[in-house]
Ligand code: ATP
Ligand code: MG
């Protein structure tokens, strides 16, 4: 079925009184970004609804894109027809033949904005209901909770038909909550955490630490490609790659094994905060989940958090691994995340990290390294790229298991 227009309804937006205008404008902009490669589509944001006029664009593809835009509660694809009863009949047949299966129930629901139209709402409901029954004799009219509500909206510029309400992604339009820095590894958890932050309106910049030659080009490409998956929810994201080799080597040489990981994490956090400060970020996001691995105890969080007062938001902190995996599959990051390219932490991970690092000792050991100098050199080497929705970076010809051999 080729529709002509899509009517988008807002969710939580409606409760946000004075921010409403900004939210609606931002959502309109995000919808345009999501549909950037459909130049014929026109987006009209209004107070109560946003109308997306397709002008010939493929409605199935547009619908798929809209399902990923945060801030949309639900939407209805519509068919615009001429202002005649015959056109309504034809439209009803073409739409319902795909949806109204034998035994299903329906009702017609008409709204008439244009009072000049020759049929009033009761007439339309009755006439069209009878006509649909004739065309689909195995269906039934049911007023309470029918399977399909076929809506006829008679407006001045045409008659709009719709019979479906498609669930949107919910949440708040990306960007309305401000900017955050997402610490993105190549693992399962951090992309899910990034997705959840974006869902609450945060514009995420991806910060990825890599350690060549200990980590491969493919590990970096994997993190970038994960960013492309997340960009589907915001149109595009900034990907910031931060060189971490010198820091890891220095830590490895100077710090007792039990504290390697804690101090590495402190350095990562400091660098993320420095990036946030220079780029207008207000919080750091990560993929920590309480108790999942050694670095994710509360003692460990205390010892790592010590380097900053900037909020650290952990969207998956209380989720079980199975729950995180479920979301990762839904957002299509899982298959990529489980590909076997080691990131920098795995490679420098000590065999037995302290699960309960002591804060005073952490600070004491850290004095052995030149924190400022290491940070400065790392920040001088960052590279920032703009990653678009669905962009890929991994080399498909490379044997994914080569690294393991
Ligand atoms: P993930 O599945 O996200 O990799 P994890 O369970 O492997 O998480 P850790 O390795 O302890 O957990 O990492 C905890 C968090 O630290 C990650 O979720 C991520 O936010 C951040 N992090 C770890 N490694 C990197 C990296 N190379 N670049 C950026 N952030 C990282
Ligand atoms: Mg990891």
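The first residue you see is number 1, and the count goes up from there.
Placement of Cβ uses the backbone N, Cα and C atoms for every residue, glycine included.
Per-residue confidence over the domain 'THUMP' (60-165) averages out at a pLDDT of 95. Feature annotation from TrEMBL assigns domain 'THUMP' to 60-165.
Residue 184 (ATP binding site) carries neither a helix nor a strand DSSP state and counts as coil. Counted within 10 Å of its Cβ, the other Cβ atoms near residue 184 (ATP binding site) come to 28, all protein chains included. What TrEMBL records for 183, 184, 208, 209, 265, 287, 296 is ATP binding site.
Counting Cβ atoms from all protein chains shown, residue 209 (ATP binding site) has 26 others lying within 10 Å of its own Cβ. Counting every protein chain shown, 23 other Cβ atoms lie within 10 Å of the Cβ of residue 183 (ATP binding site). Screening the binding-site residues 183, 208, 265 for a C-beta under 6 A from any atom of ligand 1 leaves 183, 208. Residue 287 (ATP binding site): 24 other CB atoms within 10 A of its CB, across all protein chains. In three-state terms derived from DSSP, residue 265 (ATP binding site) belongs to a helical segment.
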